[in-house]
Protein chains: 2
Amino acid sequence: MKRIEVNTKTNNYNIIISNNFDSLQEHLSKVGMDNKKVCIITDDNVSKLYLDNLCNIISKITDELSYLVIPHGEANKNLDTINTIYKKMIEEKLDRESYLIALGGGVTGDMVGYASATYMRGNKFIQIPTTLLSQVDSSIGGKTGVDFDGYKNIIGAFHQPELVYINTSTLMTLPKKEISAGMGEVIKHGLIASKEYFNYIRANSSKIMNLDNEIMEQLIYESCVIKSKVVSMDEKEKGVRATLNFGHTIGHAVERLFDFNLLHGECVGLGMVSAAYLSYLLKQIDSSELDDIKACIQSFDLPIKIDKLNELDIYNELYHDKKTKNNELNFILLNGVGSCEIRDDLDKEDIMKAIKYIL
Amino acid sequence: MKRIEVNTKTNNYNIIISNNFDSLQEHLSKVGMDNKKVCIITDDNVSKLYLDNLCNIISKITDELSYLVIPHGEANKNLDTINTIYKKMIEEKLDRESYLIALGGGVTGDMVGYASATYMRGNKFIQIPTTLLSQVDSSIGGKTGVDFDGYKNIIGAFHQPELVYINTSTLMTLPKKEISAGMGEVIKHGLIASKEYFNYIRANSSKIMNLDNEIMEQLIYESCVIKSKVVSMDEKEKGVRATLNFGHTIGHAVERLFDFNLLHGECVGLGMVSAAYLSYLLKQIDSSELDDIKACIQSFDLPIKIDKLNELDIYNELYHDKKTKNNELNFILLNGVGSCEIRDDLDKEDIMKAIKYIL
């Protein structure tokens, strides 16, 4: 078991990384859940796997336990599902001292976090992420949100959880494609923050894809450390947190143009190739580093090229990203592997070249 | 012109109190609005009175000005209207650095604040309140929200504005009934925080109802000072801010049972009579103080009794208030006039007596 402390201006909390649920009850008690109203929210896939188990654990510390099963998938990450959650919260008479538990992947976590942020101007919530993507990325840092009108996460709030409990054994039930997709964010952590970690990922790609227990625990730990350091410094993304968007500027545009039919991690992989090429064009990484990055992304079965899109559509779509400030595009570029910088001064010509590179 | 500084953990901003819009442009520039994207949101009543004027002022500092007129009234304070605002924000490509301006009463201010809090996880907004209630209460302190499923403000967020600009002359176009309703909160400020201010209000009731310029500026200033002091100490209502709910526990229950067909200030007036009587029952104020409070409320044409309701309905409705914690009712009681305390240990019997007192 490993523990990471996340300290933000608005809340301090622990990330627990374990390969079982044995210490979950103890950690829920520690944050104060005993005898409180608790509602578990999970989707119709994950509920079959872990809901009974979780209900058993939590019913040991409170009698006021309820749950809600929502439909799975990004297509349901919208305000209609949020309204369903609100109605359940009202029905169960939850208040500001009550807890929501998000059991599932990033879609569930983002939505439950948003419902918790906006119900009675904020109540408490716990993240129990069950996908690699949510374990290394979306469950940490308090970014919550839903899609609206075709725009990903354009409605949302910053709202920190009380606890993130990661049971790595839940990855065993995950389709391989979802492991690949999660690796998009893991590789990103190496690229922006630690060359050593990036090399560790490259060296262990087959063990990772086979979900080697020890390697996975270390991997998730390292990624959580990097992510939580960044969000502790800059909870509300006014500065350094933007570096976590490496690969996301073009990634989000591709994701939208494909109408969310590609996995987020696949789009981030493509976005990283594009951003790495842009870094290469500006002589911030050399060609062998660019090759290493592409090889690493490919070794996790993530695409490095995509067809069916044209470059101008992607370029125009960039301006619909919610990270545009006053129509200026912010790009995160590598400055060598393991380091990065935020740039808002790039030429359209170079950006177009970087887009073409993945087509 | 008067100025009050509000300092919270998440934002510092000014409240400007003036009897015209002459210095609005200067203050908008000061907060950084020059050349930014700005969208004014106002309702179909207020737009006829002040929208042109406001557009003229703001177009001097930015070319990227748009506006949206929403339907007026509490019945439209819901997530459908919020979605209309979101769509406008997307259409105008607003981003985190853009500004919404709430021009109107509390309903407009609460909704625009909520849209601003949740669009892209928070952008900037300005309050230009045009009713007495919003000038002395809802525009200050960053409580934003909408009604849902019959529950007032049950969905919301804490989100501080960048500026509150109060033009007291807008009160001239307000129906007398709305002045009365605003006086509910003004009297509350005196009762919970300053006996001197309460006596000032009593002594000037007819001048207030006639909107005497000088008295109104002083009144709004004093109320804003009291409110901003409390919210500066406790932005997220974990302690002392709850004292601002004096009169609101029973007030909200009445408001819901009347399906929002009574004005908020009228309900607060009734709630204050009830809470004052409870304070009297518990010997925290004497009978002459109770009489003074009732007389003061009546002098502003606010009801102190209501028919068509029964006490048990009101009592049960108390538990649907979002301020209930673990099924415990929190009441704010006076401790003499000008002072108050938060209590969660009241007998049902006493509460029932206090409810009966206003029936």
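One is the number of the first residue shown, and numbering goes on along the chain from there.
Cβ coordinates are placed from backbone N, Cα and C, and glycine is handled just like the others.
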- Task: Quick one: which of A:LYS93, A:LYS143 does TrEMBL put in the NAD(+) site with A:GLY106, A:VAL107, A:THR108, A:GLY109, A:ASP110, A:THR130, A:THR131, A:LYS152, A:THR170, A:LEU171, A:MET172, A:THR173?
- Result: A:LYS143
- Message: Going by the Zn(2+) site in TrEMBL, where A:GLU185, A:HIS264 are listed, which of the candidates A:HIS159, A:HIS248 is also part of it?
- Response: A:HIS248
- About how far apart, in whole Å, are the alpha carbons (Cα) of A:ASP110 (NAD(+) binding site) and A:HIS264 (Zn(2+) binding site)? 14
- Task: Indicate the candidate from A:ASP110, A:GLU185 with the smallest number of other Cβ atoms within 10 Å of its Cβ, considering only these binding-site residues.
- Result: A:ASP110
- Message: Check the DSSP secondary structure of A:LEU171 (NAD(+) binding site), expressed as helix, strand or coil.
- Response: helix
- Spatial separation of A:THR173 (NAD(+) binding site) from A:HIS248 (Zn(2+) binding site) - C-alpha basis, Å: 27
- Query: Non-local Cβ contacts of A:GLY106 (NAD(+) binding site) (under 8 Å, 6 or more apart, same chain)?
  - Reply: A:PRO129, A:THR131, A:LEU133, A:SER134, A:ASP137, A:SER138, A:SER139, A:HIS264
- Query: Apart from A:GLU185, A:HIS248, A:HIS264, which residues in this chain have a Cβ no more than 8 Å from the mean position of the Cβ atoms of those residues at the Zn(2+) site?
  - Reply: A:LEU133, A:ASP137, A:GLY184, A:LYS188, A:GLY247, A:GLY251, A:GLY265, A:CYS267, A:VAL268, A:GLY271
- Specify the count of other C-beta atoms within 10 Å of the C-beta of A:HIS248 (Zn(2+) binding site). 24
- Rounded inter-Cα distance in Å - A:LEU171 (NAD(+) binding site), A:GLU185 (Zn(2+) binding site): 16
- Note on the structure: Expressed in Å to no decimal places, the gap between the Cα atoms of A:GLU185 (Zn(2+) binding site) and A:THR108 (NAD(+) binding site) is 18
